[in-house]
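Lifted from Swiss-Prot, the feature list:
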- E174, N210, Y295: S-adenosyl-L-homocysteine binding site (BINDING)
- N35: N-linked glycosylation site (CARBOHYD)
- 1-18: signal peptide (SIGNAL)
Amino acid sequence: MRLLAGWLCLSLASVWLARRMWTLRSPLTRSLYVNMTSGPGGPAAAAGGRKENHQWYVCNREKLCESLQAVFVQSYLDQGTQIFLNNSIEKSGWLFIQLYHSFVSSVFSLFMSRTSINGLLGRGSMFVFSPDQFQRLLKINPDWKTHRLLDLGAGDGEVTKIMSPHFEEIYATELSETMIWQLQKKKYRVLGINEWQNTGFQYDVISCLNLLDRCDQPLTLLKDIRSVLEPTRGRVILALVLPFHPYVENVGGKWEKPSEILEIKGQNWEEQVNSLPEVFRKAGFVIEAFTRLPYLCEGDMYNDYYVLDDAVFVLKPV
């Protein structure tokens, strides 16, 4: 019995020691990894990946038009965001898992999109807002609840999970079969891309998060959202990466320009935000509130996490 207990303790200690050694956080593994990847063709830092965290939320209000200045909500790095960052940093240090993911991605990219590969591996989760940031934007309290949420292009459902406590029924759409599998595991009702507009009922909140720049007909999508949104109390929460670079991902990871082009003008974040009220007006919406947030993605063996600049809007129908 003592021998068995001793063997068990030794095994657990060995596993713990191996994890400590073979993590990208340990000096030994960092050194080995740098030696393996240094030289021409080594990994480059992700665009924006090393920005100071406070810069993610900075907006020059003086560059906003007067109507937008009145509805801007200042956001900050909060606990929910920091938890995501900490978890992402930890995951990026799991050397063997990251090597496995890299190998699978290289092989499967020949016939699968990057999104589908991420869904298969259960990696690459996105983060748009924390529960507190979501509540502040919609001006709701933690106990607020309404009937139906529709999350368009929901991915693996991790962002849906942040919104879900406020809704009795949760619907989602997604093109990727592996992401649909992830959504179904979370017990969300997945609707087809041509089904959500024809259910016969309306939605109280529709989220369209970082989808307009990755769909073929963004203006048509906005108009379809307007047609199924509850007309009085219904709201849309919409996130858009700025500067705006619209492309559609096809199988094999190929990118093509969309058939519909949104008229978004300007060179920087504030200038492009100023052109969006007219874009939304054409689809039947006005901006009720908006903020600047980082659009975060879990990292890999090259970077702890990836980040883009998001403008997140609450739209109401007119």
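Placement of Cβ uses the backbone N, Cα and C atoms for every residue, glycine included.
Feature annotations (Swiss-Prot) mapped to structure.
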residue: E174; record: S-adenosyl-L-homocysteine binding site; DSSP (3 states): coil
residue: N210; record: S-adenosyl-L-homocysteine binding site; DSSP (3 states): coil
residue: Y295; record: S-adenosyl-L-homocysteine binding site; DSSP (3 states): strand
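Here E174 (S-adenosyl-L-homocysteine binding site) comes close to G153, A154, G155, I180, L183, V190: these same-chain residues lie at least six apart in sequence, with C-beta atoms under 8 angstroms from its C-beta.
Just so you know, the Cβ of Y295 (S-adenosyl-L-homocysteine binding site) picks up 23 other Cβ atoms within 10 Å once every protein chain is counted. Our reading of the S-adenosyl-L-homocysteine binding annotation (E174, N210, Y295) yields a largest Cα to Cα distance of 19 angstrom. Note: N210 (S-adenosyl-L-homocysteine binding site) has non-local neighbours M126, V128, G153, A239, L240, V241, Y295, D310, i.e. same-chain residues 6+ apart with C-beta under 8 A of its own C-beta.
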